[in-house]
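One structure below.
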Amino acid sequence: MSKDFILAVDQGTTSSRAIIFDKKGNIRKIAQKEFTQIYPKSGWVEHDAMEIWGTQSGVMREALEFGRVKPDQIAAIGITNQRETVVVWDKETGDPVYNAIVWQCRRTSSICDEIKRDPQFVKYIKENTGLVVDAYFSGTKVKWILDNVEGAREKANAGKLLMGTIDTWLIWNLTRGKVHATDYSNASRTMLFNINSLEWDKKILDYLNIPESMLPEVKNSSEVFGVTDSHTLGGAEIPIAGVAGDQHAALFGHCCFEKGMAKNTYGTGCFALMNVGDKPVYSDEGLLTTIAWAENGKPTYALEGSVFIAGAVIQWIRDGLGLVRSAEDSEYYATKIDSTNGVYLVPAFVGLGTPYWDMYARGTIVGITRDTKREHIIRAALEAIAYQAKDVLECMKEDTGLDLAGLRVDGGAVQNNFLMQFQSDILQSEISKPKVNEITGLGAVFLAGLAVGFWKDKQELKSILTTEKVFEPQKDSQAVAHDYRGWKKAVERSKAWAECYS
C-alpha cells in the first residue's frame, strides 16, 4: 500500500492532537482531546503524564479511523510538543514517579534564587546553554522531583529512573520502551544541554545533582528515531522521523530557513523565534539563545523571546471571570469600543518572561475608572498579547541590528482579526498568516518527511506553504508610541509583586 500521508503528533499544554497531512500539505484529519490541568498550590502547574499518553494515543487512533487512513499508509510520524515540561519515570515499570511538572510552574523559584547567588555560574549557564536561570526550564524541575519525591533520589542514583521532556515520554511509549531519546531543540530547553559542545553539560548536572544516566540520547530533529511498537497503531511499525519542540517546529513549518527570518506563535504562551544561522547569537536584551533544529549533526540556532501567558489570558477572562462565553466572542466585544480608554491588563499570572524575567511579577489591571466596562477589560486582554510580542521583537531588533521585515504568524489566536490588526499596528510591520494554521504540526511532518524521502528538499517545502492574509499597519507611529509607553508603565506596576506581598 502506498505511503501517502504523514502523521503529526502535536502534544500541547492544554490538549493532545493528531493531524494527518498529505504530500501537498493538506490536512486529511485532525483529532484533539483536552486533558486535566492540575494546580496543587499557587504558581504550581502539573499534568498527569499517563493522561497525556492516553489522550495522545487516543487521538492518533481517532485521526486514522475518522480520516479513513490505514496505519500502513503513514510514511512517518513527526512529533512536536510543549517544551520544558518534564517527566521522571521508572525505567522498569514505565510509571511516572510524580506528575509532569509543566513549563509554567514556578515551584523551583527558590532553587533558581540559590543559583543566582553565584554570578559566575549564572554566566556559565547563559554562555553554555543559551538560557537564563529561571523556573521555566526543565533542569530545576528534575532536581525538585529528586529532592522531594520519596525514594526518587536513591532510585536515580541507582540508575533506575529516566527523565525526559514530553517528546521523550511519547517516543518511549510509542516504542514500548525501546527508545529513550530527544532531539537537539528539546534538549536545548532543559538548561542541562551545552549548545556549543552539543552534549549534556556535566558541570550543570553535578551542580543540580542530576545523574547523567537519567538523560535521553540526543538526535537530529530530522532523523529516524525508531519505529512504533506493533501493538501501538494497528500492527504497523511506523518510523518516528521528525521531532522538535513546538516553537522550533513552527519556525521550520513557516520555512524560515534563512538567517533573519522570524515567526511568532500565539498559543497558551506567545513565542517569537528568529533564525540566526549556524552560530549562536547571545542576547543583551533578555532573549534566549536556542537550537532551532539540527540536521546531519549540524544545528541551526535561533533567538527566542518567551511570553508565558498569551492565549491563556483569553481562557482566563472566559473561565475565570466569565466575561465571554467563548474565546471567539472576545473579538466581538473588543471591536465594540474604539480603545481601552487607558486600561491595561498585564497577564503576569506566573511571572514575566522576555525581556523582564521576573518570577515574582503577578497579573495587574490598571487604569480602571467608573466608566470601565467589560469590553475594556476584554480588549485590554487581547492588546496585552500584542504588547508582549512587541516587547520581544524590539529586543530582537537590538540584538541583531535588523529591522523587522514582516512577521509570519500562527497559532489559535491568529484567527482573531482584531488581534492581528492590532499586532500589525503596534509593530508598524506587515503580518503574514499562512493558509495552513496548523503550522506547528506542519513543521513536524516537514522534518519527518525529509528524513524518509517523502519530500525531496526544502525548496519543495517552500512551494507547499501559501499565504492566506496579510495585515498592514493602519495606526500612525505617534499613537502607537503613546500606547506602548502606557503598557510599559503598567508592566512596572506588576513587577516583584509576589516577592513584596507574599
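Using N, Cα and C of the backbone, Cβ positions are placed for all residues, glycine too.
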The ATP site in Swiss-Prot includes Thr13, Thr14, Ser15, Thr268, Gly311, Gln315. Which of Gly159, Gly164, Gly412 is also listed there?
Gly412
Tyr39, Tyr136, Tyr301: which one does Swiss-Prot list with Arg83, Glu84, Asp246, Gln247 for the glycerol site?
Tyr136
Return the residue, from the listed binding-site residues Thr13, Ser15, Gln247, Gln315, Asn416, with the maximum count of other C-beta atoms within 10 angstroms of its C-beta.
Gln247
Cα-Cα separation of Arg17 (ADP binding site) and Glu84 (sn-glycerol 3-phosphate binding site), in Å?
18
For the recorded glycerol site, enumerate neighbouring residues of the same chain (Cβ within 8 Å of the Cβ centroid of Arg83, Glu84, Tyr136, Asp246, Gln247, site residues themselves excluded), in sequence order.
Gln82, Thr85, Trp103, Arg189, Gly245, Gly269, Phe271, Ser306
If you count the other Cβ atoms within 10 Å of each Cβ, which of the binding-site residues Thr14, Thr268 comes out on top?
Thr268
Rounding to whole Å, the Cα atoms of Arg83 (sn-glycerol 3-phosphate binding site) and Gln247 (glycerol binding site) are apart by 8
Checking the contact step here: among the binding-site residues Glu84, Tyr136, Asp246, Gln247, which have a Cα within 10 Å of the Cα of Thr14 (ATP binding site)?
none
Would you kindly give the Cα-Cα distance separating Thr268 (ATP binding site) and Asp246 (sn-glycerol 3-phosphate binding site), rounded to the nearest Å?
12
